[in-house]
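Inspection log for the structure reproduced underneath, given as structure tokens.
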10 protein chains.
Amino acid sequence: MTTQTETGALTQLGAHTPLPASPDQAVLERVPNPHAELAYCIRFAAPEFTSLCPLTGQPDFAHLVIDYVPGAWIVESKSLKLFLGSFRNHGSFHEACTLDIARRLVTLLDPAWLRIGGYWYPRGGIPIDVFYQTGTPPEGVWIPPQDVPGYRGRG
Amino acid sequence: MTTQTETGALTQLGAHTPLPASPDQAVLERVPNPHAELAYCIRFAAPEFTSLCPLTGQPDFAHLVIDYVPGAWIVESKSLKLFLGSFRNHGSFHEACTLDIARRLVTLLDPAWLRIGGYWYPRGGIPIDVFYQTGTPPEGVWIPPQDVPGYRGRG
Amino acid sequence: MTTQTETGALTQLGAHTPLPASPDQAVLERVPNPHAELAYCIRFAAPEFTSLCPLTGQPDFAHLVIDYVPGAWIVESKSLKLFLGSFRNHGSFHEACTLDIARRLVTLLDPAWLRIGGYWYPRGGIPIDVFYQTGTPPEGVWIPPQDVPGYRGRG
Amino acid sequence: MTTQTETGALTQLGAHTPLPASPDQAVLERVPNPHAELAYCIRFAAPEFTSLCPLTGQPDFAHLVIDYVPGAWIVESKSLKLFLGSFRNHGSFHEACTLDIARRLVTLLDPAWLRIGGYWYPRGGIPIDVFYQTGTPPEGVWIPPQDVPGYRGRG
Amino acid sequence: MTTQTETGALTQLGAHTPLPASPDQAVLERVPNPHAELAYCIRFAAPEFTSLCPLTGQPDFAHLVIDYVPGAWIVESKSLKLFLGSFRNHGSFHEACTLDIARRLVTLLDPAWLRIGGYWYPRGGIPIDVFYQTGTPPEGVWIPPQDVPGYRGRG
Amino acid sequence: MTTQTETGALTQLGAHTPLPASPDQAVLERVPNPHAELAYCIRFAAPEFTSLCPLTGQPDFAHLVIDYVPGAWIVESKSLKLFLGSFRNHGSFHEACTLDIARRLVTLLDPAWLRIGGYWYPRGGIPIDVFYQTGTPPEGVWIPPQDVPGYRGRG
Amino acid sequence: MTTQTETGALTQLGAHTPLPASPDQAVLERVPNPHAELAYCIRFAAPEFTSLCPLTGQPDFAHLVIDYVPGAWIVESKSLKLFLGSFRNHGSFHEACTLDIARRLVTLLDPAWLRIGGYWYPRGGIPIDVFYQTGTPPEGVWIPPQDVPGYRGRG
Amino acid sequence: MTTQTETGALTQLGAHTPLPASPDQAVLERVPNPHAELAYCIRFAAPEFTSLCPLTGQPDFAHLVIDYVPGAWIVESKSLKLFLGSFRNHGSFHEACTLDIARRLVTLLDPAWLRIGGYWYPRGGIPIDVFYQTGTPPEGVWIPPQDVPGYRGRG
Amino acid sequence: MTTQTETGALTQLGAHTPLPASPDQAVLERVPNPHAELAYCIRFAAPEFTSLCPLTGQPDFAHLVIDYVPGAWIVESKSLKLFLGSFRNHGSFHEACTLDIARRLVTLLDPAWLRIGGYWYPRGGIPIDVFYQTGTPPEGVWIPPQDVPGYRGRG
Amino acid sequence: MTTQTETGALTQLGAHTPLPASPDQAVLERVPNPHAELAYCIRFAAPEFTSLCPLTGQPDFAHLVIDYVPGAWIVESKSLKLFLGSFRNHGSFHEACTLDIARRLVTLLDPAWLRIGGYWYPRGGIPIDVFYQTGTPPEGVWIPPQDVPGYRGRG
Ligand SMILES: [Ca+2]
Ligand SMILES: [Ca+2]
Ligand SMILES: [Ca+2]
Ligand SMILES: [Ca+2]
Ligand SMILES: [Ca+2]
Ligand SMILES: [Ca+2]
Ligand SMILES: [Ca+2]
Ligand SMILES: [Ca+2]
Ligand SMILES: [Ca+2]
Ligand SMILES: [Ca+2]
Ligand SMILES: [Ca+2]
Ligand SMILES: [Ca+2]
Ligand SMILES: [Ca+2]
Ligand SMILES: [Ca+2]
Ligand SMILES: [Ca+2]
Ligand SMILES: [Ca+2]
């Protein structure tokens, strides 16, 4: 796993970067939090996420929503996009995949707080959602609910 | 297949009738159209439909909507409920199941027109809808769209 | 059945009129169409409709929507409200009840065209809708769809 | 009741397993929590649930949503699907059915916390919802609301 | 007021019971809580409620939602339906009607907690909602919001 | 009634114009159609409309939507706003009010085609909608449906 | 300002009362709380509110929602309707108007708690909402969120 | 391109088939239309579709909906799923990709009629939809609108 | 006005192109229709559109949706994005702006058919929509409704 | 940066003020809180916000919602509109832009509390939301959730 943390070395922003072949090969980058004096929350919604089932090799799809309260660093958003794209041909169970994304971001950013909601498309008629946060949200920071609609089948 | 068409013989209305074991054993009943002088449309929405996959024996679910313009007969609604319930342990493909329900009603009722929408729950991430009508709707009869929302996955 | 058609005799507008005991006792009133030179459509939405099941005496509920293109007369709206309220303790099947309301209005108003949608609450898990119009709508008149959402059960 | 808890003995994953004839015959299986070091929540939405009324034998339908915070074990999802399917020909009241599913999972998984929402289709015009959780949710774990829309009848 | 509390004497379940003529004549029945060892919540949604205005005798309509955490007893649901139906020809103000239903249930059931939301249809362009609960909900019990959409007029 | 049709005399655009005291006193203005060579449709949505009941003097409210296919003239939009505002203290029945607005515009603009939908707030629990168009829409012009949601009461 | 607080003197209920010319002339009336022994909340939704801009004299519109927990008195609802209608030709800024309605009610009713949400229509592309409550809601009373949808422009 | 048209040779149904590496390698299979005597429409909704941008290699996503009126053949649904999955690592422009899927199906099935809606996720803030049908739908067949909601950005 | 029509000269795709200063300076580019043998429709949704009011210089915003049936050419989508962006500091009335975009595309592409819906944000409480198409849509091509929700004010 | 804080010097209200060329040149004005004795919250929804990407010069769009609890001052709303409009040709990253607006308001108003939600349109398929508040909301003030719907891609 390559983790780029020196901002002078941002290699992907403004260039045509090919999709990394796997999460390990993805270079997730960070830049200094430009507003480190303020406690605020950043949300990314990623409805274009796909990975592979490690048992069958069949595609899985998810809608991901990531919230975090930055500390000294914020994630560079193009590298985040490429990192999420790097799961495209990567086999991973729903729970592991969701949690691994969270942990990779936590390792890179050391945020005050982070959470991820993984809203997976149904398999066998039953979708799985995975909800993880690093702990009780910090006091005084505003973190709205994700409010992704539940799965309802048909009708 | 038992089809009861003599209205004096209505056997299920007002009684505790057990669920028929199969569509063939279900007694679908009709009564005279009390308003045969008017051209109108009757809609039944049946979100509580289930059958079995004939290959795997696993349950399938559908939301069904039936519209018809009666001729001399209308279907007795309790017998319709029991007829739909009789697919519970019956193996049938989505297309066949939807069309068979339509044909059974057409045989019984000889309606001016009938259609059925079968909105099946997703399998393999892809739901199948089946849309059948007996032909161009009769002129001058009002038949609103069924407007069952499309499947949209997650997010 | 009392049908009041002389506008000079409007007895209910501006008075405290008790709910008629039955549709037959309801006085449905009409007034001259103040815009008889124009072809237009009037819609009433009546989500507060209830009647009784003629078999069990149990309450039934419906959401009714009535569209009509007036001819020489329009219905007086307070008398319409009382007429609809008069079904409160009246036993009637869904189809008959919906069609009877239409026919009573047609008799009173002799409209260019009329339709009624009766959207009944589910019984036995299956709601019935009844759609009736007097015929093909007159050309050149604007009659938007009623677009009452379909029943979808739960979830 | 057969409860399979040895993961080496997973018998249903990857095989064509027939629907168990009853909840007692269903083999609900568990595997070790692959992320036992993290406090997270897993949600299953099951809009394809059906059982029988123990009084009348008539089918009942529900939309179920299960949330849990795993301890040492997580439920194997195919066995969960089969377990839920095993109620198909099983007679059970709404409250008991909902709570029994929760208790079976609690017995198998010994989770940090679990809740179930049973959103039953209307009977007699009135749907019943059953809401159960094992107790106050653990602090610091993120558990979004289930937000299943309420029943609204027609209109 | 007749309150039936002996479960051996259930008189309405499984029989064709006529609608009680008034709330006082309705026999609201209870059965032992089959899961008294668990703290859970039961919700009834009743969109088919109607009563009379005590001043004008005109019909009023409401959508009612009742949540309760049972103690030793649960309400028998058919008797609840008949009890709610017994307001059909009963005159009652919105506030009193909503609160009386709550109090009747509290008297019968002695629940750990109960609440009722009465969402009344607009009169004079302004609908009234009445929200009552017996007190702070018991700790550790899951009670989702009722989330009945607000009234919005037109457009 | 003052109708200003000479564009050199536009008196209200860019000035603070008081609300006209009545529709008769409102100066509805027109300007030349800047694209008279094209057949297109203009829609105004006016959810802020109010007038008075001519019988009781009580306020009425409506959501209005106006579509028209201009000929040589288009309406000046600030004068339209003031014209609609001029009904504020004007007594008018729902049907007359809706149709009068249409006719005033037709007189001023002589459009290829015009329609108005008046979606009135409920009175007595029943809202009235009025739908008027000048005739069959001209061929080849695109006129989307107004799709204003129907009234649904509560729940 | 005339405030009528003696219930024997209710002058508007059941009579044809003209719209008061200003809030000062409106007679806001109260009646004893018929359920003063219970802590409950009453909600009024008033989507038919309009006033004038004090600077330009142009109409303003708002959707108002009022929640209160009554003490010894409740507001008489017809007088509330007339009071709200009395702003029709009254100039007032959004904030002042919303807060003045709240204060007038608080003065009249001395409620345990009251709040008002004023959801104003957009001006200059930006709507203003005003949210006021008399203080922290009383413990143990159920007060659901108002959940009025936010303004979203177009698209 | 391998196209399997002999039904005896169905190779993928009921087996664990790996995802084809490209559309050319996908084996799209057909079976005889079991209801060739009826004119009906089949809809597949595929919200889990992804391909690659041929210029940048970056992932693209689409929600696809396919409607067809079968002739002698229907598509085998598992092979359809694998065929759609085979675009995962295939570079294709939005228009070409959508149309190619349609043409491949038309070649295989020779349907009475077919259409495809490709609802692509936004790039540069602007999503592209592609709508193709083989021609005017056959008369008398019921083909409901796809009604996929338009893209609306934020707010 | 510069219109680039030679595809060999595409200058903006794959480069960082600054926003053109005005529609006249924007280079709207075309490429050969890669599927000129098929009759299909392309839709662009552009919720990120803004221009200036020519009278006041204040910003205007619109949600635009463009549908067209290509002939020999299709528009290059990055040049379309830049063209739409070039209205940012350009003064134009709603009607003219919407129609000018259509005409520029028609001039460039000579399509079989084109339409544009301009859904403008409200001014003075009343939004304007502009609907234009080049004529009756070509037969046999599928062109779904745009279904952009109407403006509804607040509540 | 010019900040006008003397209310006698309001220069923009009631005049035709050109759009400021940059946030620095915008004159954000304040007036005394007319209800400083009450603790209440004011919300502005601004769906018409646009700025430029500082890297590429391309337009960015956001839907902004600002809530604040005023102290001695409230913001003059026309100056707020002009201030937000002044970002039109200003380059700023999403996070900085959102937070700068908040800080400018805080500096001007010294409110008891303020928060801003910046809901940015997607770039690279992933929208960013920025949520900032000045700290824990003051006790006893009612501040409803902003409830801006999440981004959901297509389908
Ligand atoms: Ca929510
Ligand atoms: Ca459902
Ligand atoms: Ca599935
Ligand atoms: Ca539709
Ligand atoms: Ca989606
Ligand atoms: Ca529709
Ligand atoms: Ca029912
Ligand atoms: Ca909620
Ligand atoms: Ca309703
Ligand atoms: Ca009303
Ligand atoms: Ca409204
Ligand atoms: Ca909410
Ligand atoms: Ca928008
Ligand atoms: Ca994008
Ligand atoms: Ca405005
Ligand atoms: Ca539509």
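Using N, Cα and C of the backbone, Cβ positions are placed for all residues, glycine too.
Noted in TrEMBL for the protein shown:
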| type | residues | note |
| --- | --- | --- |
| ACT_SITE | F:C53 | active site, thioimide intermediate |
| ACT_SITE | F:D60 | active site, proton donor |
| BINDING | F:V75, F:E76, F:S77, F:H94, F:E95 | substrate binding site |
Residues among the recorded positions F:C53, F:V75, F:E76, F:S77, F:H94, F:E95 that border ligand 15 - Cβ under 6 angstroms, in sequence order: none
Helix, strand or coil at the residue listed as 'active site, thioimide intermediate' [DSSP, three-state]: coil
Fewest other Cβ within 10 angstroms of its own Cβ, chosen from the recorded positions F:C53, F:V75, F:S77, F:H94, F:E95: F:C53
Interface-proximal binding-site residues, chain G, C-beta separation under 8 A, candidates F:E76, F:S77, F:H94: none
Subset of recorded positions F:D60, F:V75, F:S77, F:H94, F:E95 within reach of chain I (CB-CB under 8 A): F:S77
Filtered recorded positions - F:C53, F:D60, F:V75, F:E95 - keeping only those with Cβ under 8 Å from chain C: F:E95
Cα-Cα distance linking the residue listed as 'active site, thioimide intermediate' and F:E76 (substrate binding site), given in Å to the nearest integer: 28
In sequence order, the recorded positions (F:D60, F:V75, F:E95) whose C-alpha falls within 10 A of the residue listed as 'active site, thioimide intermediate': F:D60
Distance, F:H94 (substrate binding site) to the residue listed as 'active site, proton donor' (CA atoms, angstrom): 8
Packing count at F:E76 (substrate binding site) (other Cβ atoms within 10 Å of its Cβ): 21
In three-state DSSP terms, the structure that F:H94 (substrate binding site) belongs to: helix
